[in-house]
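As given in TrEMBL:
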type    : residues                              : note
BINDING : A:7-20, A:GLY101, A:ASN164, A:189-190 : ATP binding site
Protein chains: 2
Amino acid sequence: MRAAGIVVEHNPFHNGHLHHIKETREITGCDVVIAVMSGNFLQRGEPALVNKWSRTEMALNGGADIVIELPYVFATAQASEFARGAITLLDSLKCESFCFGSEEGNTATFLETLHILDLHKGEYNAEIHRHMQDGVSYPNALNKAFHFIQQKTEKKLVDLSKPNNILGYHYMEAAVARNSSMKPLTIQRIIAGYHDDIEEGVNIASATGIRKALFDPDSTADIHDYVPDSTAKLLQGWEQEWGLFANWELFWPYLRYSILRLSKDELKTFAEVTEGMEHAIARAAKETTAFHDFMERIKSKRFTWTRIQRMLTHILTGFTWDDLHQLTTPSYIRLLGMNSTGQDYLNAIKSDVPLPVISKVGKTTDPMLLLDCQTTDIYMSLLTNGSHPQALQLDWKTPPIIL
Amino acid sequence: MRAAGIVVEHNPFHNGHLHHIKETREITGCDVVIAVMSGNFLQRGEPALVNKWSRTEMALNGGADIVIELPYVFATAQASEFARGAITLLDSLKCESFCFGSEEGNTATFLETLHILDLHKGEYNAEIHRHMQDGVSYPNALNKAFHFIQQKTEKKLVDLSKPNNILGYHYMEAAVARNSSMKPLTIQRIIAGYHDDIEEGVNIASATGIRKALFDPDSTADIHDYVPDSTAKLLQGWEQEWGLFANWELFWPYLRYSILRLSKDELKTFAEVTEGMEHAIARAAKETTAFHDFMERIKSKRFTWTRIQRMLTHILTGFTWDDLHQLTTPSYIRLLGMNSTGQDYLNAIKSDVPLPVISKVGKTTDPMLLLDCQTTDIYMSLLTNGSHPQALQLDWKTPPIIL
């Protein structure tokens, strides 16, 4: 059996994701699509709308055969680490290829870009460093350095100001770095970009837009136009069970409390909190009562909104620089769900997989896995104000979802 | 002008407290009653019903002339430290006497007890040690050792199994230890004991009973029978402004979240968390969704309920063993409120007071004072789910209450 890998957040699963899975199957001719999916906290540094099991069910309904978890350590990391974690896991599961959406749409351009940037590594890094000294954010500095190299070499390179191109670049970089035999493939993203709002009449809309439709009481957009029925049903079921969807405004009272409770010296021990951001964070938490306003007060030219949200995610979950430095290599494959095809595939490759495949957490002592469990406990406790018995210890109580 | 000191929590101020202040004035013949009052967290290891300013207003309405804050460090400490902090502050404000309620009612008996226990210190401590080795709680061990000494010496000593006698004993111990010139006086507590519930028809009831009347929806007790009108009005005003009263069940979601977020190694860095309690605390937080049930799961013969609640208070506020060991001496007198008599008295003694009298927090760097401010921010944030602009930075915005 031949497997193709995809890297997903599915927050929530929508028609664009359906298209991605179908296309992956078509262009790779694979028997099995394996999705490595972020857990309850995402790369943009925010909680997922619904937890990882609900999103796993969406993915399986949408055509994925196996869903595994991208551990918290990678799911909430900068793009290069996010990509390295995901590619390592797909490679460990013997995928023949991996397939990602990009604005670019052509893997040859990615490979050329990797090659050129490698050739001009010294200059490229010096440019990045120079721009960061001027106080711009890391992605901006990267972008400026990249344009400098592009102009100098006069090559057609990938436009690295586009978010899906950046991720794609890092997937390919990670695959090259581990000398993976997986074949990289890319699908051009259609119609809606990553950050686009729902446009009425367009039925492939971005997840960000759908989230707006779910949270904005004035929105007349109907979610059924943008997501498969199975997703709509799962979102409805979630709302019936838990009453609401997770987001930063909902978790804000706990974030604020965490910050009030910590000294500045303690604040800067949390992953990604750097360059004096602890001062801005401590001050703003005292002064405001809503998450968006809090962000407006601490935003800086130096850091992207996403990077700052990641700092806050790590403060919220208690994830420190020490944790970040110690937990660097995926040590397990956490199975979140599968269908019978997926099950057959796993049985077939089982003996070749270099990492333990975890269906039951049990009495694990793996700190990376325990962190995933801990962040689920926190996510569910915050969602339910600590008062819902069904929300307790889900990682120990939830078997993989079998479709 | 002559001042008498009292040590109070006023949670809330009731007719018993009114009686205490009147009696203090009568038996001391003082011109000024100075109340040193716990801030927002109390010696039983729980949040106060209403914050320190509301309770200050109650105390001033009830006849106190000056209200100062007992810093968090002492207000949430075991009885001996609680007493030492309070007595130091009253002594610093040049009180001629201090007056406390007790079940005993006679200071001579307290002095005799201090004397006898000092004479038999070695044996007394050995007995305490022996009983603690058997696994009983510290107060129980103390009590058993005390009975041993009492039987041996055949003296009439204070019954140290009574909560107000214990506090009284430590007030007097602290006064003797600092060679204070303050004269100790005690009033026998009438009718309701510390933990008694409201009894209908008895209009001096304990604060614990009144709290039950406020929180128990099935209770038919009318708070007006037990508290002065001014207290009833202030409680009503508080409820109108903030919607509810603070208690552990209300703060539970945040306590639970704190515990989920911390490793066991981190848990045991918080003050009073000792002898493996971090294991029980970490496990129970994962398993339950309500504060009372949580307490039932972690209670132990080794520790009193109160002592365990103090551990939890320190986890909630982020107060560590290091903080406890570093912050040992009151370094300021925080003025919470006064009337014109109080103001005259402060003006008269100002030049003799060995500690700074703080009316405005301003840009203080005193860690003990900053801790008081931080615990107010936490208390108010938890009360309002971080969403009420009026709840921000009250220590910086609230001048002393002038009646």
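Just so it is clear, glycine is given a Cβ too, placed from its N, Cα and C backbone atoms.
Positions of the features from TrEMBL, shown on the structure.
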residue  : record           : DSSP class
A:VAL7   : ATP binding site : strand
A:PHE13  : ATP binding site : coil
A:HIS19  : ATP binding site : helix
A:ASN164 : ATP binding site : helix
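Each of the binding-site residues A:HIS10, A:HIS19 was assessed for Cβ neighbours inside 10 Å, and the highest tally belongs to A:HIS10. Neighbour list (A:PHE13 (ATP binding site), Cβ cut-off 8 Å, at least 6 residues apart, same chain): A:ARG55, A:MET58, A:ALA59, A:ASN61, A:GLY62, A:VAL227, A:PRO228, A:THR231.
Its own atom aside, the Cβ of A:VAL7 (ATP binding site) has 25 Cβ atoms within 10 angstroms in the protein chains shown. The number of other Cβ atoms within 10 Å of the Cβ belonging to A:GLY16 (ATP binding site), over all protein chains shown, comes to 20.
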